[in-house]
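Data first, discussion second: the structure below is written as structure tokens.
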Amino acid sequence: MRTAITLATAIFLCVAIPARPLMAFQDDAAPAEPAAAAPAEGEEAPAAEGEEAPAEEVVVISNDELSFAVDNIVLFLSAVLVILMQPGFAMVEAGFNASKNTVNILFKNLMDLCIGCLLFYLVGYGLMYPGDSAINGYFGFAGIGVTEGADRVTAAPGALDPQVDFLFQVAFAATAATIVSGAVAGRMKFSAYLVYSAVLTGLIYPISGMWKWGGGWLDAMGFADFAGSIVVHAVGGFAGLAGAIVLGPRIGRYTAEGKSVPMPGHNLAIATLGVFILWVGWFGFNPGSQLAFTGTDNTMATMLIALNTMLAAAAGGFAAMMLSWVMFKKPDLSMALNGVLAGLVGITANCDQVTNLQSIIIGAVAGVLVVMGIIALDKLKIDDPVGAFPVHGLCGIWGGVATGIFGNSADFVTQVIGSTVIPAWAFLTMLPLFLGLKAIGMLRVDADEEVAGLDMVEHGMAAYSADH
């Protein structure tokens with residue numbers, strides 16, 4: 001040890017000591033800087049030592065420009081969070097279903113975003129925000145695409161760039177579409193699903209969305225749905241109910257005598273991961289719907305929305321766990337997961353105008369409703385593998401009605417009207433579509449294909465290796 005220290009010390013002395021005079025010599029030998037050349041005629045002389053140099057021009061950003069930048073960047077980040085909800089939905093649906101249908105499920109969720117983005121750009125956005133072309137608040141079309149010019153918006157607090165507004169809105173449209181995927185899982189043809197997805201995102205969702213968010217007749221009545229318990233989730237939930245009814249249950253789900261046969265999902269770990277992803281994504285869904293974020297009032301409103309969202313989700317998960325524990329004698333993870341989602345759906349309409357305590361009540365009621373809704377569907381022999389209708393349809397309506405009960409600006413009767421009309425629109429328009437697809441033999445796969453699994457039959461590939 002002593003030898004090592006001595007050697008290191010010697011090396012240091014050999015290198016460091018000679019280096020100091022060398023550096024000093026170099027400093028001493030450095031040539032003097034040449035005298036500054038005299039300024040040419042017409043040029044300013046450089047500032048003498050001790051004099052202040054002329055200041056460079058400073059670009060000043062106005063408060064309006066700063067607020068505009070912050071509002072639009074935060075909305076962009078919120079849109080990214082909402083788009084990231086898509087893998088959350090995919091994980092929940094895949095985990096709650098048989099492994100033989102995993103590729104099919106992932107593919108459907110991917111196409112919801114791809115088809116939804118294109119159709120919403122071509123048709124849906126113009127239908128949802130028709131501007132002056134609206135006819136009596138029911139229907140209108142502003143044209144294809146989104147405004148692109150450099151002068152498309154004037155910077156001001158709360159002003160939104162149409163480009164980022166479209167990005168945020170198309171994420172909502174894709175969410176409405178992907179809800180249905182879980183309700184029809186395991187037995188619907190992939191081609192039929194693509195047709196459904198295009199119709200919902202291109203026509204059905206934008207038209208009813210316009211009634212509220214596009215300045216339509218429900219908005220004129222004072223109907224409140226802050227972030228989409230009705231406009232997004234109930235539309236997806238009731239469209240899913242129509243699909244599940246027309247398709248019928250999966251093979252083996254009920255006996256010939258009508259007895260329910262459990263068909264548990266293949267991976268609750270994936271489903272749980274999906275719920276956590278959705279929970280995080282909801283902080284783009286709800287707080288992002290504030291749309292303006294600068295200033296004390298907007299900041300405080302956004303934080304209230306965020307905490308209300310968190311509390312409702314927690315209350316929904318806890319209530320569903322406790323109820324399932326009492327009813328089934330053991331706590332049910334799948335019920336608790338759906339309870340979290342139910343609480344999130346229930347608070348989405350009213351998170352901007354209820355108190356923290358009220359958000360807990362809304363979430364807890366949603367957690368109870370989702371358990372009872374899943375049991376009711378089973379009694380009615382309606383096969384909804386992931387509980388899409390109880391979570392999004394039933395609890396979506398609860399969110400709309402709860403806004404009339406707890407909200408500080410919504411009329412109860414108006415809330416009941418809006419919470420009935422939009423889900424009815426989704427159900428009554430999608431039911432004929434599913435019936436039409438069934439009539440031409442395009443809706444459901446054959447029995448032997450369903451038993452074999454849609455991954456190999458529809459796509460020729462499996463999600464897992466043979467030794468999984």
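Just so it is clear, glycine is given a Cβ too, placed from its N, Cα and C backbone atoms.
The signal peptide feature in TrEMBL is assigned to 1-24.
Tertiary proximity for the transmembrane segment (73-98) is limited to same-chain residues at least six positions away from its ends with a CB under 8 Å from its CB atoms, namely 105-106, 109-110, 112-113, 160, 164-165, 167-168, 171-172, 174-175, 178-179, 181-182, 185-186, 263, 265-278, 280-285, 287-288, 291, 293, 334, 337, 341, 385-386, 453, 463. If you look up TrEMBL, you'll see 73-98 (among others) marked as transmembrane segment.
Among the features that TrEMBL reports, domain 'Ammonium transporter AmtB-like' is placed at 74-464.
As annotated by TrEMBL, transmembrane segment applies to 110-129 (among others).
According to TrEMBL, the transmembrane segment annotation covers 166-186 (among others).
Residues 108, 111-112, 115-116, 119-120, 122-125, 127-130, 134, 137-140, 173-174, 176-177, 180-181, 184, 223, 225, 230-232, 235-236, 239, 243, 418, 421-422, 425-426, 429-430, 433-434, 437, 442 of the same chain lie 6+ residues outside the transmembrane segment (193-214) yet bring a C-beta within less than 8 angstroms of a C-beta in it. According to TrEMBL, the transmembrane segment annotation covers 193-214 (among others).
Nonlocal intrachain contacts for the transmembrane segment (226-247), taken as residues 6+ away from its ends with a CB within less than 8 angstroms of a stretch CB, comprise 172, 175-180, 182-184, 187-188, 196, 200, 204-205, 208-209, 212-213, 285-286, 288-289, 305, 345-353, 382-384, 388-389, 391-400, 403, 418-419, 422-427, 430-431, 434-435, 438, 443-444. Per TrEMBL, transmembrane segment is recorded for 226-247 (among others).
Annotation source TrEMBL lists transmembrane segment at 268-285 (among others). Within the same chain, residues 77-82, 84-85, 87-96, 172, 175, 227-228, 306, 309, 313, 333-334, 337, 340-341, 344, 348 sit at least 6 positions outside the transmembrane segment (268-285) and bring their C-beta atoms closer than 8 Å to a C-beta of that stretch.
Under the heading transmembrane segment, TrEMBL lists 305-326 (among others). Here the transmembrane segment (305-326) has Cβ contacts under 8 Å with residues 226, 279, 282-283, 286-287, 289-290, 332, 335-344, 346-348, 351-352, 354, 356, 359-368, 370-371 of the same chain, all six or more residues outside its ends.
TrEMBL lists 356-377 (among others) with the feature transmembrane segment.
Taken from TrEMBL, the feature transmembrane segment applies to 389-406 (among others).
Remote same-chain residues near the transmembrane segment (412-435) are listed as 195-196, 199-200, 204-205, 207-208, 211-212, 218, 221-225, 230-231, 234-239, 241-243, 245-247, 393, 396-397, 400-401, 403-405, 443 (criterion: CB distance under 8 Å, separation of at least six residues from the stretch ends). The feature transmembrane segment is assigned by TrEMBL to 412-435 (among others).
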Outside the transmembrane segment (389-406), six or more residues from its ends: residues with CB under 8 Å to it: 179, 183, 224-226, 229-230, 232-238, 240-241, 244, 338, 341-343, 345-350, 353-355, 358, 361-362, 365-366, 369-370, 372-374, 376-377, 382, 412-416, 418-420, 423
Local confidence of the prediction over the domain 'Ammonium transporter AmtB-like' (74-464), expressed as mean pLDDT: 96
